């Protein structure tokens, strides 16, 4: 059974254009080509990255965080209570008192509630208070501290961002060194010259294995890392990246693969450095770096990636050979990455506008109601003066100057 699956999986018509096959990638005359078995090297590299990461976060990232003024906050641990702990883990982490739910329910809806729903409503703070013998305030305080106890602290987030920053920066520099003298960096059509018999260079070998090992280690550490809102997208991104790197290696799409990895590394280290400064409360540095990252991200992943690189992997190859399964599979993975780029670009642009509005607010000293266009209500006093000692005419002049000098964000 396994032998049949292996034969079907490694069929030459799935991986190569017509007339080409695995025999064309056999080493000969001192020329070395990529082999599928080389990918096993990425597993020990991934394990090595996990070990190096622990050492880096402890002896490099933590002292760096202290140097930037970030200290680990010690949170008070809750008193052990088996009943509340079971309710916290199995039911909800934020029980709501019944009296807070009643105003939101009309009499018609309340009368139509089933007995099960009524029991569910009663099984909140009041019921827990009766079962534990604690006051409602003590129960609410316990749940609040228990939620804070599970919340990841800034130091852990800073260490994770520092590790990714260090790798992405080194990977970007390494990719630049490996590609700076290659013709396909400047003329993308050169990536298909001589395909598939493209000789493997030592720099390409290590660039691939280190990138593949790093993303494999990120996939392994997702369970222990801080869980973020885009957790699912991160899983999809890591899996698609690993498949893309592995497949491009097997079919000798190495030149295209190195360009794609280099393009991604060109912006990622800026994002991680912005996160580091954000956790350290260096707001100005964070904002400026994030704006620079947003600009590079949009240019590289929404302009260069789809209109230059994907053009040379989707349109140009069909002029050289007929499409085959590997062609569609490779470009399908690139489409997955492009969809993730669009998703993240929307989040990045929204954050960038938020940073810009905060900078305008901080530089001008205006209140939030003036920046977003809200009017502060001015009530006259009995003596004809307005509160705060400002007349209506002066207030209107102030607003007129503000509106003419600064844009308003809604």
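Keep in mind that glycine also has a Cβ here, set from the backbone N, Cα and C atoms.
Any TrEMBL annotation is an automated prediction that lacks curation.
Sequence annotations record features per position, and here TrEMBL assigns DNA-binding region to 128-154. Confidence for the DNA-binding region (128-154), expressed as mean pLDDT, is 76.
Positions annotated as compositional bias 'Basic and acidic residues' by TrEMBL: 380-403.
Annotated domain 'Homeobox' per TrEMBL: 126-153, in sequence order.
The domain 'TLC' annotation in TrEMBL covers 156-357.
Taken from TrEMBL, the feature region 'Disordered' applies to 380-410.
According to TrEMBL, the transmembrane segment annotation covers 39-56 (among others).
Residues or ranges marked as transmembrane segment by TrEMBL: 165-185 (among others). The list of residues near the transmembrane segment (165-185) in space but at least 6 beyond its ends in sequence, with Cβ under 8 angstroms from a Cβ of it, reads 56, 60, 191, 193, 201, 203-204, 207, 210-211, 214, 255, 258-259, 261-262, 265-266, 268-269, 272-273, 276.
What TrEMBL records for 205-223 (among others) is transmembrane segment.
According to TrEMBL, the feature transmembrane segment maps to 285-307 (among others).
Feature annotation from TrEMBL assigns transmembrane segment to 327-353 (among others). Beyond the transmembrane segment (327-353), the same-chain residues lying 6 or more positions past its ends with a Cβ under 8 Å from any Cβ of the stretch are 17, 230, 233, 236-237, 240-241, 243-244, 247-248, 251, 253, 260, 290-291, 293-294, 297-298, 301-302, 305-306, 309-310, 313-314, 317-318, 409.
Residue counts for the domain 'Homeobox' (126-153) under DSSP, split into helix (H, G, I), strand (E, B) and coil, are 22 helix, 0 strand, 6 coil.
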